[in-house]
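Listed in TrEMBL:
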type	residues	note
DOMAIN	30-180	domain 'SMODS and SLOG-associating 2TM effector'
TRANSMEM	50-68	transmembrane segment
TRANSMEM	74-93	transmembrane segment
DOMAIN	183-309	domain 'SMODS and SLOG-associating 2TM effector'
TRANSMEM	206-226	transmembrane segment
TRANSMEM	232-251	transmembrane segment
Amino acid sequence: MGILPPDGVRGHCLMVRWDPARADEADFLPEPYQTADRASVDAQRQTLRWYRGMILMLVVAAAVGAVAGAGSGAAPLVSVAAFLFGGFFWFRLRAGNPQARWFEARAAAESLKTLAWKYTVRARPFGGPADSAELDEDYRGQVAEVLRTFEGSGVLPAGAAPEITEGMRELRTGDLTARRMLYLRLRVEGQRTWYLAKANAAESQAASWGLGTVALMILGGAAAVAQAAGAIHTSLFGVCAAAAAAIIAWTQLKQLRPVVSAYRLAAKELDAVWAKITTLDLTDPQAEEAWVRLAGDVEDAVAREHTSWRSRRAFPH
């Protein structure tokens, strides 16, 4: 059994651990959120991996079949094999439905995260005293409702129960200055930075894939004209068409343009609330009441962006 540090040292360690200037979300968000977040990441990777495999195999099948003429040895067999592998990936996507799991898990994680943040910083509907059995019960009730909603989806462990972590309780007891510092640093600025980074990355990818599609269309058209004129005897038009279709399918899966619009709108909403929170006069007798409303506005802005996750799932059972 290890030797515990003196009480003063333990208190100092606890205070440093939950210092609003140093605390991290992973330190205090409850386990059901952590589980759902991991499930979402795993399902996303699986979805993209299988879609990549399917699209790549179908393009290979089209390319080999188009380039290889009759009597080209094993080329037709390679084309058929690639086509069958593409069908295998499609079957795995249809049967396993990882995309639905991805969206379900992300929706569950964000719902739990929003409730945890509201409780931790005393945002509506959990504003009021730091220590309140009634508010604790209200929080557990809302979390239990989320857990029931996703029960049986496989994104949360069986028997998951509402949890108020030590960190949530400790940070909730902080004064308004400490809670505002924590919330601005981790939630508002952190979420805003994430939205803008994802929006910029999606816009860059959309532009690159768009140029690739245009190039393939031009090349395919030129190849078709050249083939019709007898200048070439290989059907490059079919290859270019298949590759362009693959790019379009991939960008539709990633929903790059909708992501850019949705994330930039969410970041803009957070900017507006940021300005109000940073200019909040903490000496005003009504500051706490205003804080409850403003922090709730932030969570509403974040929640609006995530409500579309479940509605966009593919292959519903």
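Heads up, the Cβ atoms here are built off N, Cα and C, so glycines get one too.
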Predicted model, mean pLDDT over the domain 'SMODS and SLOG-associating 2TM effector' (30-180): 91
How many helix, strand and coil residues does the domain 'SMODS and SLOG-associating 2TM effector' (183-309) contain under DSSP? 110 helix, 0 strand, 17 coil
Return the stretch with the most CB pairs under 8 A relative to the transmembrane segment (50-68), choosing among 74-93, 206-226, 232-251. 74-93
Positions on the same chain near the transmembrane segment (232-251), where near means CB under 8 A and six or more residues out: 51-52, 55-56, 58-59, 62-63, 65-67, 69, 205-206, 209-210, 212-213, 216-217, 219-221, 223-224, 226, 257
